[in-house]
């Protein structure tokens, strides 16, 4: 018999990680109610540093040359591209060789997250086929059981009762048939009206041709869905004429068509440089005429997602729902630039066509789900709480040798709810699922700070490496009304980061910083003047000084974000050691940062609030919660 969800108690469970050599396995990462005691002398040094910074000097946010023990290593080989999927290794810009850093085991162990989902060891990428079944949330994921690099892709499987605490299960599917022998790649789940679960996934054949295959649970009454059967008639779809054999992958969840009993699904592809979404009718797997949508110049579309959102209320919708008060979201992961783009529009099921509300914001040329390290996202409808939930892959941006040393690579984002932004009419709102708040430890620390131009203040928290912060910022109205003097054409990625000062920015928080601010990751707002002369807000995450190690990504992520009349500038950050997920204005703009500090680790991480503007006084209001660790461990199958 399968264990019922109610018999799993996270309060009495233990997390098991795979620790590096020389590091004792201490079991569950300790609760973060009180991580360490700061000595009086340390407090004195911190206050002294803060005083020096505040003494008529702007924050120490300038870029400096790193000093580190460096070695040259061979260039990282390409992985995945030759088989027809996106590049799976982070490519340093240094050419034929790259600079690597000598990481200690303590540093690498610190990088492992405490409440984001990741396997015990080895490589992980795309989230696959998320669903809810008989009391359990199921997450499948691309996994290499042999190594911390991409290859031998298998479907990992885990279950949860709350999307936060997870139990690893045996592999759902392995590459063991001619039609998937080179990889059981990304797929989606469709739940039929009678409760039958159909999983459609891409297989890489023995001839490296991308085909679509069906699988289904061997025992639908099993809440854990432990055993899966591959359909004997696989493959059910092969690349159609005019489509490359390596340009046909990642089927979506199916939805009901206009004809009785008809089911439709879409698959990403390209024709030349035009990204397209093909549509198939599933009763006989017939390719329908035309395409659901196409956008020239966007290249190969991977991991396409297509679903409805309500313009009237805050509930999520089943993928097949259509009617009044409905918009549809088309999302594609762009192989050319490794970005997840989306567009909101109207779906005509009779003509099988999607039309964007604003062609200037079309898929691939407009809005992104996340402006940081975030790719291959996948949503599902959660019938338990009537919401649409979004998963995304957070990949590595360090060296492959470092991943091999630590023995794992990549995590999944915290699941997010997705809603239509009724105020703008153009954006989605993404927000961490409410269950993450169950990890909050006690009452929040509440702080209100009046920040003069060029000031920074240390915030004393129990842990500056594992927390949830909500912050709002109010710019003095007199200065804000002088927007005519602000700069025009600001761009996060080309701005110079938090060290670049203007009349109205930057201002925000500094996370995962050491006490001297030699390593820091600022997340901030910057107000500029738009082409129409009105104030335009930007939301940015600056990684340029996030690490003194060479060979890791150091750039500024971000985009503009609508801040409407009467709204304060608001942000929420989930900080989990080497991951920072940042949400602006209720989730209109989101940035995921993957960082690799060398100093701000093992209790040395600090949290600051700052205002590096030259002319604006900013009032910051903050609530900060320390977060407990999630329980992520193997399912006790011996109890079945």
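Going from the start of the chain as shown, residues are counted 1 onward.
Note that Cβ sites are derived from N, Cα and C of the backbone, with glycine treated the same way.
What you are looking at is a predicted structure, and each value in this text was computed from that prediction instead of being measured.
Matching 110, 150, 263 to the substrate binding residues that Swiss-Prot gives (123, 124, 125, 126, 142, 185, 186, 249, 250, 302, 335) identifies 150. Among the ranges 62-89, 202-229, the one that Swiss-Prot lists as region 'Disordered' is 62-89. Here Swiss-Prot gives transmembrane segment for one range in the set 34-54, 160-180: that range is 34-54. Of the listed segments 1-22, 265-286, Swiss-Prot assigns region 'Disordered' to 1-22. Classification of residue 612 (N-linked glycosylation site) by DSSP places it in coil, neither helical nor stranded. DSSP assigns residue 142 (substrate binding site) to a strand in the three-state reduction.
Around residue 492 (disulfide bond), the C-beta neighbours below 8 angstroms that are at least 6 residues distant in the chain are 371, 526, 538, 539, 540, 556, 557, 558, 559.
Between residue 152 (N-linked glycosylation site) and residue 302 (substrate binding site), the C-alpha separation comes to 19 Å. In this structure the alpha carbons, written CA, of residue 125 (substrate binding site) and residue 219 (N-linked glycosylation site) are 27 Å apart.
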